[in-house]
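Read through the structure below, which is laid out as structure tokens, and then see the notes.
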């Protein structure tokens, strides 16, 4: 570490090893000044608008002008809707995918639709597709539309550019503008994978958000932040702008309920922000949200009585059919309010808002009947008739964070569904120790906004965390080092390693200038820098940073057990990467002892440790042990995160790899497909992981002998990987190798050899060649030559493979059996049956120890051995007959 930190003096420079950009394959040492200037860059954010819908027009061939199109179709009440035109297909798809919550309506001409629709139909933000025909429909051959029946999002097959299309789009937009499941988000879909009664993390994150908002200073700036964002959202709406100006002039905290109950900008923007967890808007509205919560709390306190105080309130609204189906299957499930919820004491009033079911089947009419014990409610609620803007509705306002149990879902006679809920309290919500500790640390923290950023980062909401941290840097001066460190983590997760390293160095700079380069808090930073070098396959340099962190742990053994476990896990991972399993497991065991002793079993660090142990056992061929640790890893994650977070996907992928190795290919595919689904949801944060799982899926299809599908996924994997990995890398080498194996299996031996040799060349020229993979590649190349009938070359590369594998793996590892099997096949081609039987017997012996008798590879080798022994017996039998004659 002396090359990195000059510890004998207070340095003004740091030397780092540059392994990025043009130096990816030839690292250089460069000097970085320790300075305080900020890096300038834009934060990418989801496009936002004051409505919940966006109209997208793909007009590749510029068939009509944008002015003509807008004037003809999308002038609603004098205001243009949120609208975007594209000439490029890829840009259009990227734009649609960039949205997370808005509803997208796509218009596309028939000439592009048949190729485009299958690619984009499953994007969840895409609600409806309108196929346009530039000529009269009467001139269109109806057979050209047969393909459209496979895609339910296509509306009415095809339209001309006329009033009929205008009316359909306008009708669909107006329908979806209705308050469909407005502020109530249900645990089974939007909160977490399990109901709240079994470790739902999302509920706790929302409670922490409320706690942070309440502890933030309420000042003129927070009010001005809100006004500024409202003006930006409604810049083209004169009516709302007048209301915003009035709000700025006369608003007082005691009038929060009156303003909220108006049908205006406040109600719409706050509810949308809280539903979608839009951290920017929530932060800007922090002052008003707390005013509203406190005002409701005051009314709630006044309404409590000594006697029983149970009330029943109602809410009518429209609901998407899929949400209703979720509720039907969720009796006794706990649901949570992410926003404030308006209800009424009168069922008849609520039924007016529910509608009559005329928008089925997409949209259902529902009536919520909610029973609440006012005296026992931990969250505020109150009759707001005397302070509401609409005093004639007997309105009862419920607070964000309230919990309810679903009692029943039944259809009424008037095409309305009645959903009966009963209020409950937090005692029914079982949180694991990690979340409890997180909440405690938030309560004790002097900087609640920073603590929330940490929690958001650990919940893999990187964009939100980064935005909070950048807000903090504008105001925070006491300890910017910890902020820079977490900013580095955010960029590391997004595979922006150069910027991540920049922030880590800024963080170290802060501590070095204080003479604290060996302070326990620096363990985090050294670990994080090590991870960047590990990602760049520079494991020796990564190890040097991990060991610097270890020095600090040994100096302060009782400080920071969590990060101590991380350090030991990372050191173990590095030893495992070099094939040094003894030292790897020594570090894993040490880490496991700390986890057990400090009761960290449900902590993030335990999750990382179990994942690493599972991966090591997988490499050693001990699949049952590997599966045990991988499943334990998944259990912890499911208690911490919602089911669409990246760590869940990583866990599914690792479990899939174990099932693949065990020969349970259908189960492996199921796990991989689940990982693929989550990676796709997470977009840019997971492109590299998506490439990896495409490769895994391709390998399974190859083992199932579905070669066309295998080739499709493997080539998709390679194309995705090459966008992010420049030059030679182990991961790209693996893609080449797997494609080569498929070509050989399909009988295209020449292509198989070409790709396998590309894999070998790639891995030999990688920054840190992986011997274990190289041994596998040589074995696969030998298999290609064996299939070609070139016994000499096949045996030559088999021996190369065995020489490498003996340095890396224990002698009973299944990888040896695969090479022995290849040698047997090559010797059969050469007519040496006795030696072929010898190698097949060696393969069977290893497989028998490693695999279940039903494993496909084991069964295949046993069958080949039996055939050869039968063939050898026939030869002996014929020889005996000949000698008698």
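Placed from the backbone N, Cα and C atoms, the Cβ positions cover glycine too.
Among the features that TrEMBL reports, repeat 'TPR' is placed at 523-556 (among others).
Per TrEMBL, repeat 'TPR' is recorded for 565-598 (among others). Long-range contacts of the repeat 'TPR' (565-598) within the same chain: residues 523, 527, 530-531, 534, 539, 542-543, 546-547, 549-550, 553, 605-606, 608-609, 612-613, 615-616, 619-620, 770-772, 807-809, each at least 6 residues beyond the stretch ends and with a Cβ under 8 Å from a Cβ of the stretch.
Residues or ranges marked as repeat 'TPR' in TrEMBL: 607-640 (among others). With a threshold of 8 Å between CB atoms, the same-chain residues lying at least 6 positions outside the repeat 'TPR' (607-640) that come near it are 193-194, 199, 201, 432, 434-435, 459, 565-566, 569, 572-573, 576, 581, 584-585, 588, 591-592, 595, 601, 647-648, 650-652, 654-655, 657-659, 661-662, 772, 809-810, 812-815, 850.
Secondary structure of the repeat 'TPR' (649-682) per DSSP, as helix, strand and coil residue counts: 31 helix, 0 strand, 3 coil. For 649-682 (among others), the entry in TrEMBL reads repeat 'TPR'.
Summarised as a single figure, the pLDDT of the repeat 'TPR' (691-724) averages 89. What TrEMBL records for 691-724 (among others) is repeat 'TPR'.
If you look up TrEMBL, you'll see 817-850 (among others) marked as repeat 'TPR'. Residues 621, 623, 779, 782-783, 785-787, 789, 791, 794-795, 798, 801-802, 805, 857-858, 861-862, 864-865, 868-869, 871-872, 875 of the same chain, all 6+ positions outside the repeat 'TPR' (817-850), place their C-beta atoms under 8 angstroms from a C-beta of that stretch.
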